[in-house]
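Okay, structure first, notes after.
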Amino acid sequence: MQLTSFTDYGLRALIYMASLPEGRMTSISEVTDVYGVSRNHMVKIINQLSRAGYVTAVRGKNGGIRLGKPASAIRIGDVVRELEPLSLVNCSSEFCHITPACRLKQALSKAVQSFLMELDNYTLADLVEENQPLYKLLLVE
């Protein structure tokens, strides 16, 4: 299973914010500069993360974005569920004549659930805390 770039960059944005000193705000422009992704794409990602409560956006002169909850409270599986369309096959009976007897969708559904359950074992904090090589790559100290 390959995650979409939307989910990939959503996770990267959260990793960047979690790597910053506690309470430090960043900007969408700063995140896009770090990862080389388009600003428009990142705005859409941050908006969805904000609606889900993972990111807090503050407007104004001293505004910016930061994590909306502690990194230890953000499970990676939950973020993927929020950002990723998880339908692996299109099982519409008008497109596939074996749909009434097909067991593939059930098998794939179980595989996706196993994937997400494994990701639920990790929090954002698990990915960033005391990760000096990551901080150096992100130029965060």
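Backbone N, Cα and C atoms are what each Cβ position is placed from, and that goes for glycine too.
Annotation source Swiss-Prot lists domain 'HTH rrf2-type' at 2-129.
Counting residues per DSSP class in helix, strand and coil order gives 21 helix, 0 strand, 3 coil for the DNA-binding region (28-51). Feature annotation from Swiss-Prot assigns DNA-binding region to 28-51.
For CYS91 ([2Fe-2S] cluster binding site), the same-chain residues that are 6 or more apart in sequence and have a Cβ closer than 8 Å to its Cβ are THR99, CYS102, LEU104, LYS105. As annotated by Swiss-Prot, [2Fe-2S] cluster binding site applies to CYS91, CYS96, CYS102, with the evidence given as sequence analysis.
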